[in-house]
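Just below is one structure, and these are the notes that go with it.
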């Protein structure tokens, strides 16, 4: 006969629980810190979020279209063109690309039908003498080819500074189905025929004198007109649709877009070519090719509209209320780490309690 025993034991486990504890501290310094933080948060929510950023509004970006009309007449008298009157049909021209010639040594260098990237025409396949020392590929093109080595100074159309530009701008905020144009309802036909934009006396007149646009960008027209340039006309529409539509008005600003400095001397300014076609006395097709150095106007429209909506209002109010929790955190930091009695406050804030039991065992026996 044999007997035996089996023993088992339960071990104890230690569990830790953190529960919040509220400590009331009667301190003028802590009270001032708490009040200052709360006031700062309140000022941020009211002043920045709701007043400045209009956090109670739904917003939308502008959709825009722009058309322009230039007016002005000037007269020139040159040996090439003689006495000539220039109007809108002569100087408002779309741009074209420049041309160059191709140098060759023999006809083998010239491919019939080839059109080079900077060519003046179509090559015939023949190499001809251009001068006593230079040969070029013969081309089928308008003769004579362009000579743009001479740049007129002062500008050829120097009186263009007095030309005017009528800018028509229509905007739309699709989210609010709101439309507006820069020719405001208060502008009459008589006023439109006589007004010229001035930032102080006529800030909403849509007619601009070219010289004033250039000067507003800090440039001089007579210098800019020699080699040309690119001017930017910016129209800003920032509208608060909680107010009357009459407060939604455009604001114009101007700047030069192309760089004009010592670091940008290669191909400066802006120029393009255009031609006038006719038949001479013998019936031959002829043309007058003009390389124009002009000013290009890029009109850019920016804008944002806002209108009251309950959803962004409630979101920003909830976010603002949540920020007040920051005051408690900052006060804890000041009390526990910077005040003289920080160790005393830390003992009051944190209390450690040990409450656990260590095991029990049970024995089981079997016989056989």
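All positions are counted from 1 along the displayed chain.
Glycine residues also receive a Cβ, built from the backbone N, Cα and C atoms like all the rest.
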Stretch carrying transmembrane segment according to TrEMBL (options 317-339, 340-362): 317-339
Cβ-Cβ distance under 8 Å to residue 271 (ATP binding site), same chain, at least six residues away: 227, 228, 291, 292, 293, 294
Entry from the binding-site residues list 69, 273 having the most other CB atoms no farther than 10 A: 273
Cβ atoms near residue 162 (N-linked glycosylation site) (within 10 Å, other residues, all chains): 13
Number of Cβ atoms other than its own within 10 Å, given for residue 291 (ATP binding site): 14
